[in-house]
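Annotated in Swiss-Prot:
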type     : residues                       : note
TOPO_DOM : 1-14                           : topological domain 'Mitochondrial intermembrane'
TRANSMEM : 15-45                          : transmembrane segment
TOPO_DOM : 46-59                          : topological domain 'Mitochondrial matrix'
TRANSMEM : 60-87                          : transmembrane segment
TOPO_DOM : 88-227                         : topological domain 'Mitochondrial intermembrane'
BINDING  : His161, Cys196, Cys200, Met207 : Cu cation A1 binding site
BINDING  : Cys196, Glu198, Cys200, His204 : Cu cation A2 binding site
BINDING  : Glu198                         : Mg(2+) binding site
Amino acid sequence: MAHPVQLSLQDATSPVMEELITFHDHAFMAMSLISFLVLYALLSTLTTKLTNTSITDAQEMETIWTILPAIILILIALPSLRILYLTDEVNDPSFTIKSIGHQWYWTYEYTDYGGLIFNSYMLPPLFLNPGDLRLLEVDNRVVLPIEAPVRMMITSQDVLHSWTIPTLGLKTDAVPGRLNQTVFTATRPGVYYGQCSEICGANHSFMPIVAELIPLKIFEMGPVLTL
């Protein structure tokens with residue numbers, strides 16, 4: 001999870017998040033190069049005596065500043081489109097879990113395990129144990145398997161919410177009357193934190209998400225054993 005004064009992204013826990021980090025570095029290098037070139041042009045203009053201030057036609061310059069930005073945009077767009085395809089791809093998920101947003105808590109339903117349903121509320125500060133994270137702990141974590149494709153069906157019962165876990169590269173809107181889906185494959189066990197990422201009312205900041213990722217063999221014994 002993130003920590004104070006962290007400048008980089010969180011460590012990836014899914015292939016999609018690894019792709020997002022790579023794309024972030026790719027785009028950052030492109031923006032850094034553009035910023036350097038613009039700064040160099042500005043400094044050159046300020047420090048160089050202009051010898052011709054009445055240029056009315058510069059065909060080569062116009063060609064360069066038209067083609068070069070187009071090439072840069074293409075180089076940024078291609079990996080972005082690939083990631084968009086990966087995030088929307090659904091390849092025969094092994095498990096389906098439904099997440100329903102409320103003001104201001106989440107409800108989870110394990111449709112593959114007899115319709116197991118439970119609510120997940122933020123723990124008040126008085127109920128926290130030593131080492132627990134303030135405003136991020138919940139009474140019931142959503143338990144998910146690793147190394148298996150999981151489909152999350154996400155919706156809302158009242159207003160707009162957004163189910164988000166950064167380390168998994170997940171952010172899917174929960175829209176009333178609409179069922180959105182996202183598929184992911186976690187790569188390592190652990191406890192990972194997220195929050196509702198859509199302003200949903202007075203207690204929007206008190207709507208955390210905690211996912212506990214466990215080995216597939218343990219999960220197949222039944223998620224109720226880990227709740």
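Count begins at 1; order follows the chain as displayed.
Cβ coordinates come from backbone N, Cα and C, glycine included.
Since this is a predicted model, take the numbers as computed values, not measurements.
Same-chain residues lying 6 or more positions outside the topological domain 'Mitochondrial intermembrane' (1-14) and placing a CB less than 8 Å from one of its CB atoms are 20-21, 24, 133, 166-170, 184-188, 190, 192-193, 213. In the shown protein chains, 16 other C-beta atoms lie within 10 A of the C-beta of His204 (Cu cation A2 binding site). What surrounds the Cu cation A2 site, by Cβ distance within 8 Å of the Cβ centroid and not counting Cys196, Glu198, Cys200, His204, is the set Gly101, Trp104, Val159, Leu160, His161, Ser162, Ser197, Ile199, Gly201, Met207 from the same chain.
A gap of 7 Å separates the Cα atoms of Cys196 (Cu cation A1 binding site) and His204 (Cu cation A2 binding site). Taking Cβ-Cβ distances under 8 Å and a sequence separation of 6 or more, the neighbours of Cys200 (Cu cation A1 binding site) in its chain are Gly101, Gln103, Trp104, Val159, Leu160, His161, Met207. Cβ environment of Glu198 (Cu cation A2 binding site): Leu160, His161, Ser162, Asp173, Ala174, His204 lie under 8 Å away, each six or more residues apart in the same chain. A mean pLDDT of 68 is what the model gives for the topological domain 'Mitochondrial matrix' (46-59).
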